[in-house]
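Just below is one structure, and these are the notes that go with it.
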């Protein structure tokens, strides 16, 4: 689902605020970088710059004394200073590079940790590909700014100021002429810098949107191919590719104009200053050595100005990244450990007049009330889209009811810590999620502690999954592929059931899967589910007649409302729609 207008407006409205120094500093603090590396890098850069500033000053007397012969010692000293400056600058670059990598490492860790702790409703509004862009691209932009552009701009400004000071000492008239020319150059560059800032925001947004579309299509590549939807998928991405192209053209214009315009302005300034310097020599006000020394300082400035220009370019590009990362880190996340620790065993689970809507649009659930006694089986039945899965989402606390409450043993489930609550709940869905990795990793996913091979084989036995795992080449260490594509649907279901056995939940939630399985797989999965349900409070979205008949209580849900409840025989006799649903929709098991 794409971001809604409200989120887009919120981003746009905060644009100016997020690019402020306050938000940038906040973001860097969140990364908890190695400040010592930054200090060492800056100090080394300052030392290298100070050495570089001494060279033109030493050239002045060296040139003026050429009439009396070449001073080999002074020439060697000038060369040594150049080499020393380059070596110290290299050290500064290496240290700052390490600092930058520590920033991006810590920032990515912080952003990733934030992402996985965000509530499910956040992921309903933002594409996963867009979030991947935040994690990869935006953090890299911030790293480039803080590790490269800012230190280089700092040392460049120091070189600029130092050069001006030494030039004032050598010849104030020529320096004054340059000081007058610099604001004119900056005035020329200001519109281009503003243009670059706008491009930075737009490019990052479009790139994130394109990555979202690409991630969505690639994650469902089997659906794309089986539906002959390659052309449709290509067309869907075409608009974003074209948008990125247009932004790229603007960025190319920006990058292309920035340095040449700056360089042209600088060269015109230098040419004018050189002409003025020759005039001063002709009038006896200045020596040739002084002019050459000042020209060397000006050559420093020629290198400085593009660096400063690059800083503004990177600042413009990073401004959007900084804003989006700051917004992400400011999002309210789930608090896993806040609340009571409660043993759910032997307690009654109840819903009291629960209403729910995903947003301000149509209400999904209306006045839902039910009760699940300890170790009982509660079945939810009814037409598709009635709200059965939404009830499960509320029980897993992915969302909060808009009215009413859900209790366990008379205590609101909101008062129980999320970690404690979810650790005692098991969920087996129609299409159980399997992560890329080994069978062992999938069985123990999210569980703390060490599990022996014997523990894993035991739960595989209970889930009727041992035989197919034993026949695999690496058994427990077999890779199942992304989303478990290397194993069948029935095998994925049985692994999910084995995982639920290993969790040993007090409350079990099942969304029966039968329609997509062959008869043999269905039989094995159902036997595993029957075994898993024993001795547990079980809530099941029923698709099989046998489950309905065996349930202690059935709640019939249509259009978000419970229109009937009771045992199977009672509902068949008193609820015509239920009787029709049972005869037409439910699977008759063996």
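Using the three backbone atoms N, Cα and C, a Cβ is placed for every residue, glycine included.
Feature annotation from Swiss-Prot assigns transmembrane segment to 35-55 (among others); the stated evidence is sequence analysis.
Per Swiss-Prot, the feature domain 'ABC transmembrane type-1' maps to 38-317; the stated evidence is sequence analysis.
For 79-99 (among others), the entry in Swiss-Prot reads transmembrane segment, with the evidence type sequence analysis. Nonlocal intrachain contacts for the transmembrane segment (79-99), taken as residues 6+ away from its ends with a CB within less than 8 angstroms of a stretch CB, comprise 33-34, 37-38, 40-42, 44-45, 47-49, 51-52, 54-55, 58, 146-148, 151, 155.
Cβ atoms under 8 Å from those of the transmembrane segment (150-170) belong to residues 38, 41-42, 45-46, 48-50, 52-53, 56-57, 60, 92, 96, 178-179, 290, 293-294, 297-298, 300-301, 303-304, 307-308, 310-311 of the same chain, restricted to positions at least 6 beyond its ends. According to Swiss-Prot, the feature transmembrane segment maps to 150-170 (among others), an assignment based on sequence analysis.
Residues annotated as transmembrane segment in Swiss-Prot: 176-196 (among others).
If you look up Swiss-Prot, you'll see 261-281 (among others) marked as transmembrane segment.
Taken from Swiss-Prot, the feature transmembrane segment applies to 292-312 (among others).
Note on the domain 'ABC transporter' (349-584): its mean pLDDT in the predicted model is 82. Residues or ranges marked as domain 'ABC transporter' in Swiss-Prot: 349-584.
Annotated ATP binding site per Swiss-Prot: 382, 383, 384, 385, 386, 387, 388, 389, in sequence order. With a 10 A radius on its CB, residue 384 (ATP binding site) counts 7 other CB atoms from all the protein chains.
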Within 8 Å of the Cβ centre of 382, 383, 384, 385, 386, 387, 388, 389, which other residues of the chain have their Cβ, at the recorded ATP site?
557, 558
